[in-house]
Every structure is written in structure tokens, then in C-alpha cells.
Amino acid sequence: MESSILESIGQEIIGVMSPVSLCMLLVVLLVYSLSDSNPFSSSSSAPIRTAANLVYLENPSDSAAQKLEGALLNALVFVILIAVVTFVLVLLYYYNFTNFLKNYMRFSAFFVLGTMGGSIFLSFIQHFSIPIDSITCFLLLFNYTIVGVLSMFSGGVPIILRQGYMVSLGIIVATWFTKLPEWTTWVLLVALALYDLVAVLAPGGPLKLLVELASTRDEELPALVYEARPTVSRNEGNPRSTLGFLVAGVSDSGSVELQAVSNNNMYRDVSENHTSPEYAAIPVSNLENVVRERNRDEGERSPLVGHSRERYSSESNSSEYSTIVRNRESEIVVDEERSPLVDMLGMDNERDHQWRDSVVANRGIKLGLGDFVFYSVLVGRAAMYDLMTVYACYLAIISGLGCTLILLSVCHRALPALPISVTLGVIFYFLTRLLMEPFVVGMTTNLMMF
Amino acid sequence: MTVAAGIGYALVALGPSLSLFIPVISKKPFLILTLLSSTLVWLISLIILSGIWRAFLPLNSTTWWPFAILIFTSVAFQEGLLLLFWKAYKRLEDILDAFADRVSKPRLYLTDKMQIALAGGLGHGVAHAVFFCLSILTPAFGPATYFVNRCSQILFFLVSAIIALAFVTVHTFSMVIGFNGYAEGIKWTNFLFHLFILLLE
């Protein structure tokens with residue numbers, strides 16, 4: 001029996017959603033396990049002074065108006081800082097200081113993994129009273145950090161390791177951000193979503209400039225992005241029967257399917273159509289067989305840009321981007337996962353010739369790391385209230401991400417990933433907290449369920 | 001009672017849905033998306049309902065009839081949701097079929113349709129289990145436990161987990177059956193089916 005289209009529609013969306021979900025889940029677990037150690041601990045009364053706290057240090061005894069005002073000021077300062085730093089980055093990139101940028105990013109990744117990861121590790125040990133000595137700790141941490149830096153910035157490392165380190169970096173930063181006071185966190189999230197919208201879509205926005213520069217120079221973005229590369233090994237079973245189309249077209253009625261990535265010209269020349277995606281075509285044994293299995297490597301050519309940078313401590317050491325990028329042009333990148341594909345491509349008929357150029361850049365949807373971080377911060381902050389809000393915010397964020405991906409397939413340009421999800425998440429959080437919780441709790445404690 | 005007991009209750013509520021999820025749904029990404037969207041729709045319906053009922057809470061638990069009205073309206077709302085889902089599903093089916101034609105693949109099989117219905121129903125069921133059972137389960141991880149008011153021998157959390165399990169099953173398969181029923185046209189059998197679900201809940 002031939003397989004139906006249901007086998008593989010929507011693959012790339014899941015490829016992005018599952019690391020985001022994993023990151024959020026781990027942040028929630030970390031927050032839960034590390035927060036109920038002692039609710040009246042001294043650490044909560046001495047909040048850390050970060051860049052997000054420069055103006056106003058929140059105190060639980062302040063009045064609501066004071067808190068709101070202080071939170072707004074904090075958020076404003078933070079957004080301004082981020083904007084300035086992004087502009088500096090754009091300038092550096094423009095003047096081709098790429099080496100400096102790369103080294104700086106390596107150093108910042110090392111620093112974040114080492115210090116912040118280290119402090120989380122230490123508090124973990126403290127909380128669970130794990131008997132481990134300091135030399136072992138140091139060695140483990142050092143190894144972890146070095147492997148992380150190596151895997152993220154050099155080639156030849158298996159993609160799963162790189163993805164894992166991206167996720168863990170997101171987890172570490174998000175856990176740190178959840179230590180911010182509550183009002184500041186919420187206002188900061190909203191402010192960052194707005195900033196993201198402006199920075200990516202407005203004509204003078206720094207992220208838009210950066211993406212355009214990168215695409216005109218045909219280079220990678222100098223940023224930390226998570227690449228959701230699809231698994232290459234789709235050849236289990238009979239290649240003729242597992243004809244999974246990972247990419248669907250936009251239907252004739254104009255409605256966009258979930259996985260709408262390309263336009264209708266899937267069979268035509270890719271090169272002449274800028275909006276068509278790049279595929280890695282694994283041909284079936286019958287060369288005349290038009291229907292072939294594709295790995296959705298590149299998806300749309302439109303970058304989806306998240307937010308720009310954040311600072312963690314007062315020393316502004318790390319610079320991370322959140323961008324979802326899809327390469328507009330094709331690049332020849334030698335990649336070990338690609339080599340079986342390249343061999344197989346030699347067997348193609350000449351229709352695949354046009355795809356050969358576009359195939360080689362074996363990339364999936366890219367999501368910037370800052371998106372991971374801020375989604376997890378939102379969910380982590382919801383976790384500090386109740387599990388119900390966690391679930392509601394998780395669903396809101398996932399649906400926002402899905403909407404953004406659909407928009408991406410329609411618009412084919414860089415899109416900010418933060419605004420829709422954060423807006424939905426915040427709305428759902430407050431709705432759940434105010435409306436749903438008395439309803440549900442009242443019903444379940446009386447065992448009235450529907 | 002302890003972490004182990006808490007995890008046990010969570011598994012009682014969600015175990016069968018997990019065993020449905022892993023072999024069937026996690027293999028096909030589209031079904032995962034269907035599950036997530038149906039969970040979202042259920043959540044939105046719950047928020048709307050709680051918004052409507054917010055003015056009347058908290059109900060005093062001595063009389064039973066406010067609860068009856070509450071449940072009746074909630075369930076009626078959700079049955080309406082099933083109908084809405086059915087309409088959305090028809091449109092989705094058209095889109096998927098058109099797409100399948102265009103890439104010259106076979107149209108959706110019956111098993112595919114039933115799988116989509118299963119994923120949708122499972123989404124509803126999982127949402128119910130999470131919101132009604134898991135969210136109040138957090139105290140169960142602590143050192144004590146809580147018994148039911150009326151019958152002080154049964155653990156509260158166990159009861160809620162079992163009820164959640166039952167509802168997961170109901171939601172999942174009611175959607176499958178409902179879609180099958182609607183596929184044959186709106187007839188009086190469908191009304192009977194909805195009435196049955198209403199009474200059941």
C-alpha cells in the first residue's frame with residue numbers, strides 16, 4: 001500500500017517545535033527543582049543587579065504603580081541597550097570585522113556556559129546534596145564548556161551535538177533570566193517583542209540590515225542560530241514507496257497549508273524562481289519517476305529573525321542573535337551529512353541539475369537562540385505561579401510559533417519570531433490566572449469534571 | 001504523598017494517552033500538529049467558559065443544582081465545539097486532497113481520516129487531563145495526602161486521576177465516532193450520540 005501524504009507533512013515545523021518544547025520543559029523542571037529549596041531564602045531578598053535591573057530594583061513591598069513604573073523604566077533601558085549593541089554589531093559586520101565577531105562569540109559562549117552553567121550546576125548540587133568534589137566538578141564543567149564552544153563554531157561536529165548545546169545554552173540563559181523580579185520580566189518580554197517587531201520589519205531596523213548584509217555577501221550570519229536540519233536518513237524501506245513529501249504547496253484556493261513552504265513550481269527550475277525552496281532530492285531508483293523524496297533542507301528562503309542581543313550580567317559579555325534564517329542563495333558547504341546526497345545526485349536526471357546548486361546548502365529552518373531564551377523565560381515565569389499557567393503559556397507559544405512559520409511560508413522574508421508568541425503567551429497567562437484558575441480549581445476540588 | 005506517588009497519579013491519568021501517542025501520533029508530524037491545535041481549541045473554550053462563569057463563582061457546595069447547570073452548559077459548549085471541529089476538518093480534508101492530487105499521491109485513506117480524528121480527540125483528552133488533574137497534582141508530591149470529603153477512605157488524587165483517565169478515553173473516541181457519524185450526514189443518530197455524551201458527562 002502506498003503511503004499517503006499524511007506521513008510527512010509538517011515535518012519541518014515539528015523539527016523546530018520539538019527543541020523549543022524541550023528547552024521549555026527543561027527550564028520548567030529546573031525552575032521547579034531549584035526554586036522550592038527554601039522559599040524564604042536569602043537569595044531572593046538580594047536580587048542580582050543585572051543590566052535589566054539597572055534603573056529600578058523591585059521590592060515586594062512597593063505599591064503596584066511604583067512597580068509598574070519601575071518595570072517600564074527597566075524595560076526601556078534594556079531595550080535601548082540591546083538596540084545600541086545591535087547597531088554596533090551591524091557596524092562591525094559592515095566593516096568586515098568578522099573575525100573579531102567570531103572570536104567574541106566564541107568567548108561569550110565559553111563564558112556563558114562556564115559561569116552561568118557552572119552556577120546552575122553548583123546550585124543543583126547544593127539542592128540535591130550530591131556528594132561530588134570540587135576538582136571533578138571543575139573538570140566536568142571545563143570539558144562541557146570546551147566541547148560546547150567547539151561544537152557550535154566549527155564544522156565537523158555531529159549536528160545533534162550542536163543542537164543539544166544550543167538548547168542547553170538557551171536553558172542556562174533562560175534560567176538566569178527567571179531570577180528577575182516578576183513585573184520587570186513581564187514588561188521586559190512585551191518590550192522585547194515590540195522591539196523585535198520594529199528591528200526586523202522597519203526599514204532602518206538593525207536586524208534587517210544585518211540579514212540583508214549577510215545575504216548580499218552570501219555568508220552566514222554571525223550569530224548563534226539553531227538549525228533544525230532534517231534527518232537525512234529517510235531511505236529506510238523501499239525508496240519508491242516512502243514517497244514522503246515534506247513540503248506542500250499552497251493550494252489553489254490560496255489557503256495556506258501548515259507546511260506550505262514552496263510555491264506551486266515544485267517541479268520547475270528552482271534557480272529561476274527566488275521563492276522556491278531548496279531541496280535535497282534523493283532520487284528514487286526509477287529516474288523517470290517524477291515523484292521523489294525530498295528532504296526539506298532549506299524550506300523557504302526567508303529569514304525569520306528573532307530578537308537581537310541580551311545581556312546577562314553587568315559586563316555585557318555575550319552577544320547572541322535570535323534569527324531564523326533560510327539562506328537566500330545557495331552555498332557550497334561541505335558537510336558530512338551531505339556527502340551521501342551529493343553522490344546520489346550524480347544519478348539524477350537533468351531535471352535535478354537545477355537543484356544541484358540549491359541542494360548543497362543543507363539547512364533547515366533556523367531559529368535564533370534568543371527566541372528559545374525568551375520563550376523559556378515566559379514559561380519559566382509562568383511556572384512560578386502554577387502548572388496550569390505553564391501549560392496554557394506553552395500552548396500559546398507553540399501556536400504562535402506555528403503561526404509565525406505559516407507567515408514565513410507566505411511572506412518569504414525575515415520575520416520576527418518573538419511578537420506573536422510572546423503576545424499570545426502573555427495574554428493566555430493573564431487570562432488563565434484571572435479567569436480560569438478559580439473556575440477549574442473550584443470544580444476539581446468538588447470532583448466535578450467535564 | 002511522595003514523588004513516586006505523584007508520578008504514579010500522573011501516569012494513571014495520562015498513561016493510555018501516552019501509549020496512544022508514541023506509536024501512532026509521534027510518527028506523523030501532521031498528527032502532532034493536529035493534537036496541539038485541538039488542545040489549544042479546548043483551552044480557549046475553557047477560558048471562554050470560565051470567563052462567562054466568573055461572575056457566579058465561588059459556588060457554595062451545599063446545593064447541587066448550580067453545579068448541574070455549570071456542567072450542562074460546559075458540556076453543551078464542548079459539543080458545539082465538536083461540530084466546529086468537524087467543519088474545520090472538512091475544509092482541511094479538501095485542502096489535503098487537493099494537495100495530494102497535485103503531487104500525484106493517493107488521497108487520504110480512511111485510516112488517515114480516522115487517525116486525524118484520533119489525534120484531535122486525544123488533544124482534547126490530554127488537555128482535559130492536564131488541566132483538571134495534573135494542575136492540582138502538585139501538592140501530591142509532598143509528604144501528606146488528601147481524602148475525599150464524602151467518602152473518607154479514598155484518596156482524592158487517585159479519584160481525580162481515574163476520572164481524568166475516563167475522560168481522556170471519552171474525549172478521544174467520541175471524536176472518532178463523531179467524525180464517522182458526521183461523515184454520513186447529519187442525521188438523528190448524531191443527536192442521539194451527543195445526548196449520550198451529555199448524559200455521560
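Yeah, the Cβs are placed from backbone N, Cα and C, and that goes for glycine too.
Just so you know, TrEMBL annotations are computer predictions that nobody has curated.
Distant neighbours of the transmembrane segment (B:6-25): 31-32, 35, 115, 118-119, 122, 125-126, 129-130, 133-134, 137-138, 140-141, 157-158, 160-162, 164-165, 168-169, 172; these residues of the same chain sit at least 6 beyond its ends, with a Cβ under 8 Å from one of its Cβ atoms. Annotated transmembrane segment per TrEMBL: B:6-25 (among others), in sequence order.
Sequence-remote contacts of a segment are chain residues at least 6 beyond its ends whose Cβ falls under 8 Å from one of its Cβ atoms, and for the transmembrane segment (B:30-52) they are 21, 24, 73-74, 77-78, 81, 84-85, 115-116, 118-124, 126-128, 131. Under the heading transmembrane segment, TrEMBL lists B:30-52 (among others).
Annotation source TrEMBL lists transmembrane segment at B:64-86 (among others).
Annotation comment: TrEMBL describes B:116-142 (among others) as transmembrane segment.
Beyond the ends of the transmembrane segment (B:154-179), by six or more residues, the same chain brings 5-6, 9-10, 12-17, 20, 82, 85-86, 89, 113-114, 117-118, 120-122, 124-126, 128-129, 132-133, 136-137, 140, 145-148, 190, 193, 197, 200-201 to within a C-beta distance below 8 angstroms of the stretch. Sequence annotations record features per position, and here TrEMBL assigns transmembrane segment to B:154-179 (among others).
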